[in-house]
């Protein structure tokens with residue numbers, strides 16, 4: 001296994017031009033502004049970015065045998081086209097209107113464009129690490145400043161269904177719905193560094209990230225995911241005796257955590273938690289799928305936000321597919337589509353374990369942790385809402401694999417040439 005600092009270019013100084021490009025485009029590839037309508041120009045650019053950046057994928061035509069390419073291409077085509085055709089039949093949508101309902105899946109294409117950019121820029125693993133961590137630190141600093149400076153009048157107690165204002169107030173109190181992609185990866189990176197060298201500064205960094213998520217962002221799914229990843233990594237990092245202690249202590253610690261404030265209502269059926277809306281949505285979704293195997297297998301699609309109709313009017317009730325997570329995915333994409341979505345995430349887990357045999361990296365481990373996090377919270381927050389997050393993680397994994405393959409091939413060629421020269425001299 002190669003250590004992290006043995007990767008090509010890792011020990012070299014950071015290149016300002018490469019860092020500038022990475023820092024500029026990472027928030028758009030990572031969907032940081034994808035649901036922030038309060039920042040309208042950035043929101044609009046984020047929505048269009050998967051298409052605007054797609055020409056970068058032309059670089060990949062030189063490397064048709066890169067791993068994962070065909071799987072994500074098949075997944076993207078199936079998930080965008082099949083539900084669009086289904087919606088024609090079940091909801092009387094025309095095809096092009098149906099396609100607009102799948103705009104949320106366009107960030108799957110970020111895999112191709114970001115991988116093309118990486119192959120063109122050839123950043124070192126250190127440059128990628130620093131770029132991600134910088135945005136992670138910016139996320140947490142921004143959270144602290146906003147929490148300290150934003151006046152109470154900016155927090156919205158009443159807002160339209162389906163919207164996610166940056167500042168809101170509900171039964172959990174004041175909340176800042178900050179996009180936490182880079183913050184989470186930085187948290188996982190810090191915790192991996194702590195498990196490796198036991199330096200308290202890394203533990204402090206992870207703790208600050210968790211505390212801000214717990215007390216400022218206040219999103220239950222995030223807290224569940226962080227706790228799950230931390231427990232898993234802690235379990236894998238210690239010896240057999242400590243694992244036994246951890247197996248006994250972890251359930252108590254998690255029980256204590258989920259008795260805290262708003263987390264204690266996580267399994268509540270009270271109407272203030274939205275349980276009644278989710279239950280009614282689930283009931284209507286199952287009834288609509290009925291006993292027709294075609295509906296369950298291929299899904300029924302959905303009604304586009306650009307249509308004059310809506311799922312609300314169709315079902316005469318508030319109807320949010322995202323609220324019923326995997327059942328909502330089955331409703332829209334069917335068993336085949338749900339399987340493709342799950343395999344998309346699982347492929348990241350499996351490919352990392354192949355990559356780990358060749359290079360040991362805390363940063364790559366942090367990216368892997370985020371994929372595990374997405375899987376852990378998928379029953380609370382559907383992975384179809386931000387598929388671009390996993391897409392750029394997979395593109396980094398493939399890029400590092402490609403760099404290793406290229407360098408090994410060059411080394412073998414150089415060795416063969418040296419051997420030939422030595423034979424000629426003899």
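From the backbone N, Cα and C atoms, a Cβ is placed for every residue, glycine too.
Among the features that TrEMBL reports, transmembrane segment is placed at 17-36, 42-61, 73-91, 103-121, 128-154, 174-191, 200-217, 223-239, 244-263, 318-343.
Non-local neighbours of the transmembrane segment (244-263) in the same chain are 171-173, 214, 218, 220, 223, 227, 231, 234-235, 238; each lies 6+ residues outside the stretch with a CB under 8 Å from one of its CB atoms.
Segment contact is absent for the transmembrane segment (42-61) and the transmembrane segment (174-191), given fewer than three CB pairs below 8 angstroms at sequence separation of 6 or more. Under the criterion of 3 or more C-beta pairs below 8 Å, with sequence separation of 6 or more, the transmembrane segment (200-217) and the transmembrane segment (128-154) qualify as touching. The transmembrane segment (103-121) and the transmembrane segment (17-36) are in contact, since at least 3 Cβ pairs between them lie under 8 Å (pairs 6 or more apart in sequence). Residues of the same chain lying 6 or more positions beyond the ends of the transmembrane segment (223-239) and with a Cβ under 8 Å from any Cβ of it are 184, 187-188, 191-192, 195, 206, 210, 213-214, 246-247, 250, 254, 257, 263, 266, 369, 372-374, 376-377, 380. In this chain, the transmembrane segment (318-343) lies in contact with the transmembrane segment (73-91); the count of Cβ pairs under 8 Å, excluding pairs fewer than 6 apart in sequence, is at least 3.
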